[in-house]
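In what follows, a single structure is set out as structure tokens and then discussed.
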Ligand SMILES: NCc1[nH]cc(CCC(=O)O)c1CC(=O)O
């Protein structure tokens, strides 16, 4: 590999910069002759901070401006949280690499130090994620859900300043920023099924850029790619356009690829959840079939109801 410069596009949040620097160091480790630079790009999701994301609507709130820079050639690759990636990638771009995944589960951080099942009746739990609030309410209908946005630091501060009893965050972000000591409880996926792609990174590249394709190839982790692409195939089949409480989490073991998927009413009253196993090389087919199975169980009606409410 000849030298030259590779420019990584990233958001400017602490977590985004951590992730972009991780990719930068990984590339430098494999290709010491390359100069790697970061270019910080502000996205719409960074500018609209006071509105719940479900209300802002629109897909790719945290990725669109970065994808434009990639298409324009202002950057050579982009690093995103896989969870923030819409199901469809713009024409001309592709997922160049998916590095090994961090812990995919969600964590609970409580002020009292009590775990979820010991929180006092009516406790105030901060989250703006419909997926998290729906599953919290399914387990504990007595809880009060309080909207909570902003980057990780802001959310941790709001635990005290907004007199919340608990907040729910992705383990991956907390761990990457060295804040794992704040975690009260890692939520088992039987209670809180993670978001599709949670904990994984997405290295997005131009489709016709063999130089960059070979630079990022060494960062790709095949088991993670299979697991995550299965989850995304599931989401892709279900997504009706707006933010909905959909969760999906896959893993590979000696039986092959098992994907668990869930669609839930926002108030947690009605939850459809199933798991499906297939060959690990066919994870996307498993994802598609699991989506069909949930639709056959009535997931389509839940999603339609949510879309109708969102339009009002
Ligand atoms: N929606 C913001 C976002 N995008 C990715 C992560 C966490 C890290 C990850 O899933 O890789 C977070 C923060 C959170 O949900 O707590």
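Cβ coordinates are placed from backbone N, Cα and C, and glycine is handled just like the others.
According to TrEMBL, the domain 'Porphobilinogen deaminase N-terminal' annotation covers 6-213. Mean pLDDT for the domain 'Porphobilinogen deaminase N-terminal' (6-213) in the predicted structure: 94.
Sequence annotations record features per position, and here TrEMBL assigns domain 'Porphobilinogen deaminase C-terminal' to 228-295.
What TrEMBL lists as S-(dipyrrolylmethanemethyl)cysteine is 242.
For the domain 'Porphobilinogen deaminase C-terminal' (228-295), the DSSP-based tally of helix, strand and coil residues reads 27 helix, 25 strand, 16 coil.
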